[in-house]
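What follows is a set of notes on a single structure, which appears directly below.
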Amino acid sequence: MTEECSDKPVQVSKSIRLGKVEAPDGGWGWVVVFSAFIINVITFGCSYSFGVLHVSLLNYFQESMSKTAWIGSIFVAVPLLCGPIASVVTNRIGFRKATIIGGLITAIGLISSTFVNSVKAMAVTYGFIAGLGISMPYLNSIVVVAMYFEKKRTLATGISRCPAVIVTQIFVPLYQYLIMSYSWRGAVMILGAISLNIVVCGGVFKPLEGAKEYIEVQDSDCDDKIFTEQDHVDHAIELTPIDEDFLVSKSLKSKDNFKSNPVSCYDFRETTKTPCKQMNKPLIEISIFKNVRFVMFALSGVILCLGYHVPYLFYVSRAISIGITQNRAMFMVDLMRILHTLGILLYGFLGDRKQINRRYLYSGSLLLTGAVVAVVPLFTTFLPCTILAGLFALFSSSAEVFTSVIIVDILGIDKLTDAYGVVMFLQGVSFLVGPPVVGWLYDTLATGSYHTTGIYDKTFYFAGSCIGISGIIVFLTSFIKQKKPRQTD
């Protein structure tokens, strides 16, 4: 599908037409990072705190635990499954407006949940509507940070992605207090009001402007004819294609600083007063699927997600089953949260070092994570189990930092919006399939002749294998040679 010609002029920026927009690597970019951090606090807060809300919903609706749990499951899955939709919306209206609209939809979904009287209705309002709204801010919080930073991209991404400690230490207890004080309906309504902060954060996501001279646009048909001022908008000037959407004069094409490098076409269009008609643009960039390295990297993400959450789901249960006290088991959880956050910052720092290959660092970290998870069943005492829990949290944090950054390394910043939307969808499918598979393994072994701790052994072996295989695939992407785009003079 492509866009129709519009009689109404839209704004087209100089930066998309004249040259590559330079990432500031600081300045306003740190405000963008803080806004992305707040968006992730709200996003993860709504997800992680559902367990507190779930208890109240069980008592109120008097439905089964599995049926009530569908509300939270849908809310977690929908933002990821709607990744391609978020990409399309962002490409059409820009990341600033998409984030603001997503925040409004999220607030509408949460606030409307306070008026429902059934689990099915709440699954629609809280699960689907709020989940759909969250998908756009979640995607854009990653894309915009990557756009604003280049030399410090990994560190900035890491900072924006480490709200776990705040969520668990502040957000969850706050939510529990709100439920006790105002009932679950009042708490959800306040949560909806809190989600409106996403709208404010979206307003911070202003498009970059990096061009230094104006150029004129010929407003004659759907294809943009782009000229420099010195070309005087002469129809007879010979035009050279720079990609499937633009034609540019040879004098501009020959400039060394000219590179077509948009993140979101609309965001760069809205910063200047030069009129033109909208471009013919596919809903999603199909060319990303022709890149073998990206396809392999996306596959590694799917396999990773099959086993990524197993330690978080079963580590405490296994610890208690082998005789570790509940207080000590909860200490392991706190240690995992702290080391996971520190790991994100550490990988953010290391990933920006020129002497370190990000892909090798990521693949090695995944292999170590898989190995740690796979050897968990070999230990049954507190100290080694605690050490393994900490190492898992530390190494697994690499996935939070490197996914978007490596996509940029493979495809370029201009394809990140489309590519990350696809990755989100695949991760959503994997998260939907993973827990049932792990649950099936647990149930199958529980009915067999395994002793109590043996019930968990195969589950951890499965998770460790998935994470390790994911690391191997990431490593192999380094050996795939891609054809470089042909340069035209």
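Quick reminder: no glycine exception, Cβ is built from N, Cα and C everywhere.
Marked as transmembrane segment by TrEMBL: 27-50, 70-91, 98-116, 128-149, 161-178, 184-205, 294-317, 329-348, 360-380, 386-408, 420-440, 460-480. The feature domain 'Major facilitator superfamily (MFS) profile' is assigned by TrEMBL to 29-482.
When Cβ distances are compared across the two stretches, the transmembrane segment (98-116) makes contact with the transmembrane segment (184-205), since 3 or more pairs at least 6 residues apart fall below 8 angstroms. In this chain, the transmembrane segment (386-408) lies in contact with the transmembrane segment (128-149); the count of Cβ pairs under 8 Å, excluding pairs fewer than 6 apart in sequence, is at least 3. Outside the transmembrane segment (184-205) by six or more residues, the chain places 31-32, 35-36, 38-39, 42, 46, 53, 56-57, 60, 95-100, 102-104, 106-111, 113-114, 126, 130, 137, 140-141, 144, 175, 178 with a CB less than 8 A from a CB of the stretch. Distant neighbours of the transmembrane segment (386-408): 142-143, 146, 153-154, 157-158, 161-162, 294, 297, 301, 304, 308, 311, 315, 328, 331-332, 335-344, 346-348, 351, 358-359, 361-362, 365-366, 368-369, 372-373, 375-376, 379, 415-416, 419-420, 423, 467, 474; these residues of the same chain sit at least 6 beyond its ends, with a Cβ under 8 Å from one of its Cβ atoms.
A mean pLDDT of 79 is what the model gives for the domain 'Major facilitator superfamily (MFS) profile' (29-482).
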